[in-house]
Amino acid sequence: MEQLKEKFEPLFSVLPQVKSPGYRVPFREKLKWTGIILVLYFFLAQIPLYGLSANAVDQFAQFRAVLAGNFGSILTLGIGPIVSASIILQLLVGGKILKLDLSRHEDKAFFQGLQKLLAIVFTFFEALIFVLTGSLAPSAPQFVWVLILQLTIGGILIIFLDEVVSKWGFGSGVGLFIAAGVSQEIIVGAFNPLSAPTQPGVPAGRITGFLYLLFTGQSPDFQYYVLPVLALIAVFLVVVYAESMRVEIPISMGGGKRLSRGAVGKYPLRFIYASNMPVILTSALLLNVQLLANVFQKLGYPILGTVSNGQAVDGLAYLLTAPRSIDALILDPFRVVFYAVVFIGLCVLFAWLWVEISNIGPRHVARQLYQMGMQIPGFRSSRGQFEKILKRYIPTITILGGAFVGLLAFVADLTGSLGGGTGVLLTVGIVYRLYEEIAQEQLMDMHPILRSFLGD
């Protein structure tokens, strides 16, 4: 492991990086940087790819919410390379192939450097695949490398924008870009006043179209106009309720200066313990299956399935394509069941990996609580006792939470939710966590004495 570090660390030193703040970033400054990056993201998403064919079709539209990219712009790749790099490293660390202890500063810094390097490699690799397989067809052969260069630059810009948000803003850039893209898609999908080519004169927005047909005495299609909006509302309510669910472990102060000895409180464990990361990672993994299906078909070996007009029509790639209509339950039940089992299973796997790698597993939480001088009433104060009790709860809620978000995303996709079921699920969770972080930061700015207690 030490030899690997010696080989890679010189590379990390030459990679550009966003400087970490040497002080606690105030609330207003975090808000400023988050706003600036959001404006930059929307601006870059409107810069078109020079040399792209006018007939190019978004073959990965079903993953667009998770990619947080805008097809046809320099941000077409979105956060795909970042998440793909994260998947590879999580599997390597989780499988003990890379023996890193991410609670140690040195190992965590090495992990982050390796992730950035791998994300840049994936940016070029995915740009190459998108262009050479025809997913982003050039208008002329001489524009092939021009397109690859533009996509690579856009992907690298996303990597550094994400780093700015993570260090200077609220939440993470990955979450911010997903929420921004899906929110835009929901607003346009619901209220677009322009008519679609398939229905001249009828507004393309689900709500505007429904009202137009209603007021002109026509009968709106329930499954097309109403069901996606109802599914959107249902997913929103379920996610908000699930985010508020907690398993609370009673704790008390075993001594110390900050609080009086014996003060009793509760340590909350979220039901969705791994947040929405399992869904992001699972969706990104399935996207890579579709990409590889295109590559193998281009090479003349369609081992993952046949791709026609950018869509998998058979094989494993087809089975791992999300069903987007309730009709699929009747027309292709095997595919629906197969996809559901794989999707939910992967969400559980990534939930477990994320908990271990993010240092929120029983061992790390036990050490944190013990170092704060906490104890559980009725038990002796020891790190081992903390870990033993937390092991009763954290693994269980990790598995249940991962399965829950996977099932919810699958069902929401099946109903054709406005903004995409997975996209809505991710956005609601991201915005909810962002709201909590903003509220906490504002509270600490108003009451500085709370900073030490909240661990800042």
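Cβ from N, Cα, C; glycine included.
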| Taking the topology from Swiss-Prot, would Trp168 and Leu269 be on the same side of the membrane? | yes
| Which of these ranges is annotated intramembrane segment in Swiss-Prot: 60-67, 316-323? | 60-67
| note | In the same chain, residues at least 6 away from the ends of the topological domain 'Extracellular' (298-334) whose Cβ sits under 8 Å of its Cβ atoms read 57-60, 62, 132-135, 223, 286, 289-290, 292, 342-343, 410, 413-416, 422
| query | Out of 110-134, 173-191, 398-416, 420-434, which stretch touches the transmembrane segment (142-166) the most, going by CB pairs under 8 Å? | reply | 110-134
| request: May I ask you to check whether the transmembrane segment (173-191) and the transmembrane segment (335-354) make contact, with contact taken as at least three Cβ pairs under 8 Å and only pairs 6 or more apart in sequence counted? | output: no
| said: With helix taken as DSSP H, G or I, strand as E or B and everything else coil, how many residues of the topological domain 'Cytoplasmic' (167-172) land in each class? | reply: 2 helix, 0 strand, 4 coil
| query | How many helix, strand and coil residues does the topological domain 'Cytoplasmic' (1-21) contain under DSSP? | reply | 13 helix, 0 strand, 8 coil
| query | Same chain, outside the topological domain 'Extracellular' (192-224) by at least 6, Cβ under 8 Å from its Cβ: which residues? | reply | 326, 416, 418
